[in-house]
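According to TrEMBL, the protein has these features:
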REGION    1-40  region 'Disordered'
COMPBIAS  13-22  compositional bias 'Polar residues'
COMPBIAS  29-40  compositional bias 'Polar residues'
TRANSMEM  145-163  transmembrane segment
TRANSMEM  212-230  transmembrane segment
TRANSMEM  276-302  transmembrane segment
TRANSMEM  338-362  transmembrane segment
TRANSMEM  374-391  transmembrane segment
TRANSMEM  411-430  transmembrane segment
TRANSMEM  451-468  transmembrane segment
REGION    825-849  region 'Disordered'
DOMAIN    868-928  domain 'CBS'
Amino acid sequence: MNDEAGTSHKRQTVSSGGSNATRLRRSMTEAQLDTTTDSDSENLQLRRARTQQSASIGRIPFPMLRAEDDSPASWFIPRVRSALYENILNMQTGHRNKGKGVRAWYSSYTTIDWLHDDIREQARLREMRAKGGWWVNHVWDPMQGWVLVIIVGILCGLIAGFVSEWTELLAGWKTGYCQTDWRLSKETCCRQSAIECEYWHTWKSQALPGHLIYILAGGLYTLAAAVMVVRSATRVTVASGATSSSVETRISPTLKVAYYGAGSGIPEVKSILAGFVIHGFLGVRILIVKTFGLILCCASGIMAGKEGPMVQIASSLGNISTRIFDKYYKNEAKKREIISASAAAGVSVAFGAPIGGVLFSLEEVSYFFPNKTMLRSLTCALVAALVLKAYDPFGTGKLVLFQTTYDIDYQWFEMIAFVIIGIFGGLYGAMFCKLNMAVNRLRKNTWIGRYPVLEVIAITALTLSVSYSNPFTRVGLGELVGSLFQECPHDLKRPSSGEEGDEGIHDLLCVAGSQFSDYVPLLSLLALTLLNRASFAVITFGMKVPSGLVLPSMSIGAVFGRIVGTYMEYLTRQHPGHWMFAQCPANGRCIVPGVYALVGAGATLTGATHTTIAVVAILMELTGNLQYTLPVLVGVMAARWVADYFSASGIYDLLLEHAGHPFFDTRTQYIYTKRTAGEVMQDDLENICIDYENENTIALLEKRLDRIRDRGLGDGGFAVVDSRGHLVGWIACAELEYALERCKSLDRTTVCFFNNPLWNVDYAAAYDMLALPHHRTPPEFVKHKQRSEVRKLVHSARKEEASRWGKWLWPQAAGESEPLIDGAAEGSHVPSYSSSDRTEQIEEESPEISPRMAPIDIPGFHDRANDFTPFVDQTPLTISPNSPIELVMSLMGRLGVSYLCVVDKGVYCGVIYKKVFLGYLKELEHSGYTH
């Protein structure tokens with residue numbers, strides 16, 4: 001009976017306190033609305049600043065937590081909303097925190113909450129508007145984003161030039177060196193000589209054979225790159241099977257090794273931009289490994305491109321540069337705006353295509369791409385392209401990599417061939433995705449994955465040994481694609497011999513005769529090249545070295561397109577009078593095989609990545625030719641339709657799923673097998689009841705935190721409820737972990753509190769109003785009666801909270817004793833509440849004597865480590881269990897929330913986690929429930 005009476009008394013106290021708090025907030029709001037003078041606002045801000053300074057004396061700065069050994073330090077910002085969040089911002093100072101609050105940063109392998117980050121940004125803007133001047137609000141703050149993208153663009157252009165220059169130099173050293181200057185690449189050395197390549201000295205005359213030096217040099221390059229990647233690997237504990245087949249399945253933590261410096265990097269960047277947190281992936285160490293590893297891999301001669309890794313390099317620059325401004329560094333949602341713009345710069349410098357880079361970031365990489373981000377992406381890509389052109393790594397003075405000049409227009413009968421090339425691109429893309437994923441699963445589940453360096457050496461030796469005999473596979477991917485795009489000269493008289501001479505491989509692609517026997521050597525060589533490139537692309541992509549997919553895919557399509565174009569050229573020469581070729585001139589050329597190679601490059605890239613508009617833009621900027629835009633579009637669209645028929649996802653989405661990174665795909669239309677939110681919620685998770693205080697000790701809370709981590713929900717949280725099951729709030733695991741860290745000095749049986757209503761009232765503003773002199777006070781507080789009413793409300797609320805929470809809430813008065821917390825262990829003392837009322841002191845003092853007197857000290861979590869109220873989200877987003885599942889999809893996809901609390905008439909029923917809901921969507925996708 002006594003317990004029931006005590007519980008009833010506690011509930012009445014909370015209800016009464018909430019009523020007084022509501023009246024106080026209403027009174028304060030009405031007063032602040034009529035504050036029209038700037039001087040009053042300045043006085044209020046000055047008083048709050050002095051209060052913060054006095055409260056921070058003797059305060060211990062926040063310790064820095066690290067999600068991983070190599071992750072950056074994290075500062076803490078509160079997970080609370082609206083006015084409550086703003087009040088904590090005004091009260092909090094702390095080391096380097098600059099009033100940003102007490103919320104813990106996201107730990108690694110968790111998803112961010114876009115809605116919370118947006119609320120935090122709004123609170124920052126309100127605070128800046130109140131404190132800052134015209135320059136800060138209208139010039140400096142909006143300019144910070146543009147400053148960052150310009151900095152990223154400059155750095156990205158410089159790194160891209162450095163990578164391109166040294167890639168060409170190291171690639172040339174496999175076959176020889178320049179006699180005039182060993183630091184010159186083969187292309188630059190040959191350009192300086194009057195006779196073609198007279199200064200380039202090959203290794204044929206040395207002791208070792210040329211092909212052996214070619215293989216050893218390439219193997220040494222990839223070995224060094226693999227060692228760097230493996231040495232920079234990170235051990236992480238993640239939940240295996242985060243996308244389980246059932247939303248109730250428990251997930252067991254598993255230790256994994258993450259090679260952040262390997263692969264393309266685009267799937268991980270795509271997941272990061274969608275809200276996933278991977279500490280260290282875009283850090284300084286991986287930036288260095290990716291840059292030098294990319295140079296070595298591209299120079300080695302394996303099927304590795306630099307486009308994907310350049311996206312990761314640019315994104316790393318964007319992530320690192322956000323540390324300049326706290327506006328982006330301490331807000332994960334704002335930070336992703338800069339990373340998205342940086343990704344566009346990575347594609348821009350890889351191809352010299354700024355517009356294509358923006359479209360690629362929009363279509364393939366970015367999750368949220370508003371107009372402001374698009375403009376910043378274009379600026380970043382433009383600056384990066386200008387810096388790269390000024391760097392001039394190839395010595396040509398041009399930004400266009402594969403400039404073409406086609407002087408023959410296409411004919412309508414060629415559309416059939418373009419469609420055929422597009423069909424091949426779609427079929428190849430679907431086949432490549434399936435085979436490459438099978439190889440990656442083989443790496444993951446067999447002994448091959450345990451020896452990544454040995455695998456790299458073996459595949460490199462095999463690739464270079466097989467490729468050396470073929471002149472088209474012996475050269476680099478860039479040189480091959482550039483030659484395939486080119487047009488043959490009109491005065492060609494020497495038939496193709498199929499052997500490479502000093503003139504390079506360009507003349508090998510041109511045939512002077514009209515008989516089929518004249519075309520057989522070239523067609524056979526191209527067919528072998530196609531088979532070689534397609535086979536090694538499947539097994540190379542996924543090795544533990546930096547490697548991209550774009551240029552290898554383009555080279556395969558360009559070879560196939562050149563085969564089709566060469567055969568079409570043979571048909572027009574062999575049958576000049578056929579009705580299909582009636583539009584061709586009688587004694588002239590009608591077909592340009594290089595156009596077919598261009599169409600094929602776009603088709604295979606689309607088939608593998610399912611990217612369309614960006615591919616067309618990149619190819620147009622890559623070649624500087626807009627004449628053949630329509631043929632490229634025909635081939636790209638045909639490839640996309642075929643690829644979608646055989647595979648709903650591109651290679652980047654498949655790699656996302658293979659790595660276990662969550663990605664909320666809002667473009668896929670699902671056919672739901674469950675109809676309501678109650679069918680997908682989890683109702684078997686633990687929660688925290690504020691009315692059973694003995695269950696909320698430090699030791700018991702730590703055990704609850706360990707149990708939820710064992711289920712693989714370390715990025716989740718706990719619902720805070722009362723004894724009737726009514727939802728009071730939500731505390732995330734990250735905030736609870738940090739709050740428990742602050743209690744290390746307390747006894748393990750100390751009770752923790754989660755619902756201190758003092759945090760719901762803007763006491764600082766109330767005391768500021770009371771402290772104002774009469775002639776400076778807003779109209780509502782001019783009358784002494786109204787001032788007294790506010791004073792009584794404040795005093796009443798404090799008394800009610802003291803009776804509810806105990807004297808531990810209030811600052812200790814000098815010379816008073818320290819009573820124990822009710823229910824805490826002996827020895828865990830807390831200060832008591834001073835009996836002197838500062839409110840009465842304000843009333844007694846003359847306003848003219850102290851017009852800027854600071855308000856009283858506000859009870860804070862700095863003084864009471866076991867008060868977890870500031871970490872509680874007191875307004876969690878809720879949904880009814882009878883709500884349609886389409887509403888759940890819209891809330892998570894459009895608002896970006898990481899969880900939804902399911903509440904029925906105020907009673908907590910369960911929770912829907914975003915990552916677990918993704919498991920249900922993946923189950924629908926694998927079962928074919930998509931449209």
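If you go along the chain as it appears here, the first residue is 1 and each next one adds 1.
Placement of Cβ uses the backbone N, Cα and C atoms for every residue, glycine included.
Per-residue confidence over the domain 'CBS' (868-928) averages 88 (mean pLDDT, predicted model). Count of Cβ pairs under 8 Å against the transmembrane segment (276-302): among 145-163, 212-230, 338-362, 411-430, 451-468, the largest is for 212-230. A contact between the transmembrane segment (451-468) and the transmembrane segment (212-230) is present, since 3 or more of their C-beta pairs, 6 or more residues apart, lie under 8 Å. Under DSSP, residues within the domain 'CBS' (868-928) fall into helix, strand and coil as 27 helix, 17 strand, 17 coil.
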